[in-house]
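In TrEMBL this protein carries:
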type     : residues      : note
SIGNAL   : 1-19          : signal peptide
DISULFID : Cys81-Cys114  : disulfide bond
DOMAIN   : 183-502       : domain 'Glycoside hydrolase family 20 catalytic'
DISULFID : Cys293-Cys344 : disulfide bond
ACT_SITE : Glu339        : active site, proton donor
DISULFID : Cys520-Cys537 : disulfide bond
Amino acid sequence: MSTTLKFTVLLLALGFCQGLQHNYDNYIEEEEGVEPVSQASKYGSLWPLPQKVQTSEVSLKLSGFSFKIVDAKGSSAGPSCSLLQNAYRSSLLFLSPSPLTELQVWITSPDSECDGFPSVTSDESCESVNDFQELHLINYDVCFYFSLFPWFLGLETFSQLVYEDEYGAKSINSTAISDFPRFAHRGILLDTSRHFLPIKVILANLETMAMNKFNVFHWHIVDDQSFPYLSRTFPQLSQQGSYHPYTHVYTPADVKMVIEFARLRGIRVIPEFDTPGHTQSWGKGQPDLLTPCYSGAEPSGSFGPVNPILNTTYDFMKQFFMEVSSVFPDAYVHLGGDEVDFTCWKSNPDIKKFMDQQGFGQDYSKLESFYIQKLLDIVTTTKKGYMIWQEVFDNGVKLKPDTIIHVWKGTQQQYQNEMANVTSSGYQTLLSTPWYLNRISYGQDWRGHYKADPQDFKGTEAQKKLVIGGEACLWGEYVDGTNLTPRLWPRASAVAERLWSAKEVTDINDAFNRLSMHRCRMVERGIPAEPLFSSYCPREYKGV
């Protein structure tokens, strides 16, 4: 009588950063001269580490000829759900004859969500099924989910439990896993303005995000340097503001492709259109949007931030963000609001006159707040929630209660104080300060990323619950399609485990050993993830 595999994946799977913010005090902890300890982890190569793992010595080989992934009896998502069926066909192939023949996926939610998008309110709960007595002739495993979107992460965890012997035969040990993410928002920010990123590069990194259980793609799509987003309403923005109006733009079809590719992997796409600063590329295609700078009594020929005193500015913003709200289905849009240089505003006589009329005196942060407040009101009419960089909060702008404050500035102590201030005011917050991955150093800087915790600040438990997660940011001044992926991975994987796994998972040596294997798994799957230290992978990266 063949042995039944009792492996269960439980996932609360999907609850789911600023152009080089020129702040070089960001906190990264490093340990120079400390060599890692190499020994096998009792958790094998699982990454990020699930909440609970119980593994036995009972092992079964997997059959590539007869193994299949199917809908469990009673699942609310059946053969008509193309999202699942496509995933089953593209999942890992197991290549040796053996008893285990079937993985069943059981979706129990009344609404299977096959045509929906993951959201901040997606039901992530799930339970295990341990009754394997119904089928006596088939060894099988059941992934049991309340909601559809955790399934992809369950298949990823399943694949991570598979291991090879010296002859290449694939096996899996009897394992029970109870899993859910510690934080609902686990994001990666990519900057497509400083350097244009080809769609193929974006899609490959969305795939890798899913392998690491990230669930938010923060698309910093435009900035000072270029405006590659091709707007249907204002096509002149990219025609004049992109590096090239045909080869270096994201067409509506491109954007739709990215959103759908992400959806199929349970990843939300949150666009960022940062104003009033970081907008030099906007002004090339939209006359009178930016503030004319003055040298003495005459215009200098240069331009500053968005002009906040013209009605035409807000007419434009209303039309533009109406389009954005229709193109991007997520409930949130990131509005930026960081690093506004007041020099140009101070030089402009019309701005000075407006300041006097409004009673702002010489406090140009009040003018910034005036603009931001009107923009937030506009975005509110589109039925979108908004995320903003911390400066908007710091400057006292009136914010909706559901506003998400994105913390990115300062040293460790400074960002911890900021997190305390934001949450004590009742706002939800995200952390990015210690996870600016564009900042690199010689050595294992992933360890500093791994040790940073978004709830590590002085505050009540109620405040800590307002921290919904964090994002690793990769700004594009020195990054394009040639070096983005190895610079991002596996350093971002360290952030992934911090945002997913239990708070107590902090063993740096165990993390090194699991992450080394996980990095080799990414390499085997064709991802040029850089090494952690001197080592080798059984299947090395073969190039493009």
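Any Cβ shown, glycine's included, is placed from N, Cα and C.
TrEMBL annotations: computationally assigned, not manually curated.
In the structure shown, the C-beta of Cys520 has more C-beta neighbours within 10 angstroms than that of any other entry among the disulfide-bonded residues Cys293, Cys520. Closest in space to Cys537 (disulfide bond), of the recorded positions given as Cys293, Glu339, Cys344, is Glu339, taking the CA atom of each residue. The distance from the Cα of Cys293 (disulfide bond) to the Cα of Cys520 (disulfide bond) comes to 53 Å. Within the model, the domain 'Glycoside hydrolase family 20 catalytic' (183-502) carries an average pLDDT of 97. Its Cβ placed at the centre, Cys344 (disulfide bond) has 20 other Cβ atoms within 10 Å. Looking at Glu339 (active site, proton donor) and Cys520 (disulfide bond), their Cα atoms lie 39 Å from each other. Between the CA atoms of Cys344 (disulfide bond) and Cys520 (disulfide bond) there is a gap of 50 Å, rounded to the nearest whole number. Every protein chain considered, the tally of other Cβ atoms within 10 Å of the Cβ of Glu339 (active site, proton donor) stands at 17. Within 10 Å of the C-beta of Cys537 (disulfide bond) we count 16 further C-beta atoms, all protein chains included.
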